[in-house]
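The following features are taken from TrEMBL:
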DOMAIN    1-180  domain 'Cytochrome b/b6 N-terminal region profile'
TRANSMEM  7-28  transmembrane segment
TRANSMEM  53-74  transmembrane segment
TRANSMEM  86-105  transmembrane segment
TRANSMEM  111-137  transmembrane segment
TRANSMEM  149-170  transmembrane segment
Amino acid sequence: WWNFGSLLGLCLIVQILTGIFLAMHYTADITLAFSSVSHICRDVNYGWLLRNVHANGASLFFICMYCHIGRGLYYGSYNKIETWNVGVILFLVTILTAFMGYVLVWGQMSFWAATVITNLVSAIPYIGTTIVQWLWGGFSVDNATLTRFFAFHFLFPFIIAALAIIHLVFLHNSSTNNPVGLNSN
């Protein structure tokens with residue numbers, strides 16, 4: 001509870017649970033994705049609540065993460081190199097996961113985001129275009145892209161949970177149960 005770490009754990013658990021229930025009703029096909037999200041919100045019992053908790057929970061997750069990172073910067077936690085590096089990897093994987101989740105609705109804006117943001121990878125010299133075609137599963141954003149993004153969006157939270165455990169192991173290896181450094185007497 002020192003620096004939003006426990007809230008991050010709670011947010012991750014809520015995201016995984018709501019995500020599993022949403023995945024039971026979601027269809028990763030470009031012709032059906034938007035309709036399946038609409039079906040979840042309209043026809044599934046409390047589906048609207050699941051979707052809103054999942055979407056807004058992601059925002060809360062990032063708010064807690066920014067507070068966690070900010071406090072870590074303020075107190076010089078970057079000196080705990082292993083813990084900090086795992087945290088940076090956690091942050092990047094969380095950003096990737098959120099982006100892929102945003103694309104899953106397959107509406108006009110998420111289609112645009114999938115095209116534009118993944119196309120930024122083409123700026124990498126020599127191999128950029130090849131990587132973009134591999135990401136897209138072809139020469140444009142299509143069904144293969146949506147299927148891949150859904151698979152990764154489903155898988156990455158479990159990787160995030162594993163990385164969080166590694167983050168905690170490194171944190172408690174250096175006996176940092178008193179981050180402010182106050183006398184416990």
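Any Cβ shown, glycine's included, is placed from N, Cα and C.
Of the recorded ranges 7-28, 53-74, 111-137, the transmembrane segment (149-170) has the largest number of C-beta contacts under 8 angstroms with 7-28.
Through the fold, the transmembrane segment (7-28) approaches residues 1, 35-37, 39-40, 44, 47, 50-51, 53-54, 57-58, 60-61, 64-65, 68, 104, 146-147, 150-151, 153-154, 157-158, 160-161, 164 of its own chain, all at least 6 residues removed from its boundaries and within a Cβ separation under 8 Å. Distant neighbours of the transmembrane segment (86-105): 26, 28, 33-34, 37, 58, 61-62, 65, 69, 72, 111, 113-114, 117, 145-146, 149-150, 152-153, 156-157, 159-160, 163-164, 166-167, 170; these residues of the same chain sit at least 6 beyond its ends, with a Cβ under 8 Å from one of its Cβ atoms. For the domain 'Cytochrome b/b6 N-terminal region profile' (1-180), the model gives a mean pLDDT of 93.
Cβ atoms under 8 Å from those of the transmembrane segment (111-137) belong to residues 99, 102-103, 143-145, 147-149 of the same chain, restricted to positions at least 6 beyond its ends.
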